[in-house]
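J.: Residues or ranges marked as transmembrane segment in TrEMBL: 33-54, 75-97, 103-125, 137-157, 163-187, 239-257.
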Amino acid sequence: MDNTGAIAIVSGLTLVVFSILQSAHVPSGWRTAYIPTCFGLGVLSLLAAVYIETRVATHPLLPASIFTTSNMSRLLLALFLLYGTWGIFSVYGTLYFQNIMSASPLQVVACYVPLGVSGLIFSIIEGFILHLIPGRVLLIISGFGAVGSQLPIALIPSEGSCWTWVFPAVIFSTIGIDLSAILMTVFVTTTFPTAQQGLAGSVIDSVLQFGVAFVLTLTDIIQSATVDKAGFARSYKNTFWFGVGATAVSLLILAIWGKVPKASSDLTADERAELMEEAIAEQRRYQGSSDGPLRDT
């Protein structure tokens, strides 16, 4: 068990997120002593985690091979932003609907009902098209869905209709989140060996959760810093426009580096490695027989 690495990673991420979030809610901001202290300790913990995982741990919790696999780091960054903006939609979207549009709790629930229905429908559709359409194309569609989930709520007027503005955002949100999640499952099962697939899937799920926490931390700073001068409506809109920018960056990364193979019955990573080992062994046997002593005729 890599207990030391686990403690360093968890404590580092917790301290960094806490210090950034809390800086928006103390009178002196970053001049408050415990804010930079916690942030510095968090950064040091993360640096220590990198050292432990790469130099010390015999069986690291997060081996470097997870992040050096083809395009994994870039995809994680894109998904970090894409998943993170879901927090903007669900938290600040709800606040905007209730506080600015004067929607009742039942009306807010009604706005989100299509989320589950469309998620079920799109999940079924995805099962039929994953083996037909290249993964890069589907990831780009997912990125456009994420942008589409933020743009309507960034443009929605205070007197706007839920079905005119929120309904499209909910549908696009489902496309952005669900499609990318399924595609990353395909990426993990076709790229990583069986021994690392569970770990890679856990990393992706952790990126989803941490992305929401971190992006909400940044948007909380934006909303808190602008609410006094701009008012609640404008401060909420500022978080939505931040979401538009974040999803646009995510879309750009997915368009350039979103290389995910089609879902097919091709060889797995383990099977390819096994065939490669057999080919190398066969080549060595052939070389050994051809280099043997010459016999007299």
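Easy rule for this one: first residue shown is 1, then count along the chain.
Here the Cβ of each residue, glycine as well, is placed from N, Cα and C on the backbone.
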J.: With pairs restricted to those 6 or more apart in sequence, evaluate whether the transmembrane segment (239-257) and the transmembrane segment (103-125) have 3+ C-beta pairs under 8 Å.
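T.: The transmembrane segment (103-125) and the transmembrane segment (239-257): touching, no.
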J.: Looking only at the recorded stretches 33-54, 75-97, 137-157, 163-187, which one has the largest tally of CB-CB distances under 8 Å to the transmembrane segment (103-125)?
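T.: Ranked by Cβ pairs under 8 Å, first place goes to 163-187.
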